[in-house]
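Colleague: What follows is a single structure, and I will ask about it in a moment.
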Amino acid sequence: MIIRDLPLKLRDFPEKEKPRERLLHFGAEHLSNNELLAILLRTGTKHESVMNLAHRLLRTFDGLRLLKGASAQELSSIPGIGTVKAVQILAAIELGSRIHKTSAGEHCVIRSPEDGAKYVMEDMRFLSQEHFVCLYLNTKNQVIHKRTVFIGSLNSSIVHPREVFKEAFKRSAASFICVHNHPSGDPTPSREDIEVTRRLFECGNLIGIELLDHLVIGDKKFVSLKEKGYL
């Protein structure tokens, strides 16, 4: 669905509706995803305004959900995008990701499930496949290492404790937190999620490297299996 009958050239928009002018007047945080993307794209096509082009691009990738993981080839194959616009989009996404990692800090202290979710949310909430990640912590609960252990549907027979604890020993970790995403955006834990959690928790108790929590990441939402009583 076209968002509405818009003029084809951005210069023909009413001054108060132009995305760049709105950003300067109100601030970037008050612009929609559509407007921010239109600023990146800069121009539309002969038959479509830049606002409609941005809207169509977001619709193609289910909003921002899949846009982060799109390749240059996938983006440039969309009519009206092309190589230059695809590169601009990917550069902006990567820059945002790097800024987030810098602000999070290399040795982020995790004191709560909210801290853990915040540390991984922007990296994980748009992934199109399940990623099982371990955050290894020192005695001060600082993240000393982050490792993707497995990619694919979570299964207790696939996520082997050996792989998880081998890295823990290598990093001299005092404890760890497991994190995995649900590509659907719904962080409700599955039976397999719970089984994997309990298995790793029991192994951690035997070895002396405590599993502090298992976080399931959705789209701007998360569930702590510790808070749910599974640890």
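Heads up, residue numbers simply count up from 1 along the chain you see.
Any Cβ shown, glycine's included, is placed from N, Cα and C.
If you look up Swiss-Prot, you'll see HIS180, HIS182, ASP193 marked as Zn(2+) binding site, on the strength of sequence analysis. Under the heading domain 'MPN', Swiss-Prot lists 109-231. The motif 'JAMM motif' annotation in Swiss-Prot covers 180-193 and is backed by sequence analysis.
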Colleague: Please name the residue among the binding-site residues HIS180, HIS182 whose C-beta has the most neighbouring C-beta atoms within 10 angstroms.
Modeller: HIS180
Colleague: Using DSSP, how many residues in the domain 'MPN' (109-231) fall into helix, strand and coil?
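Modeller: Its residues divide into 39 helix, 36 strand, 48 coil.
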Colleague: List the other residues in this chain whose Cβ sits within 8 Å of the Cβ centroid of the Zn(2+) site residues HIS180, HIS182, ASP193, in sequence order.
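Modeller: My list of surrounding residues reads GLU130, PHE132, LEU154, ASN181, PRO187, PRO189, SER190, VAL216, ILE217.
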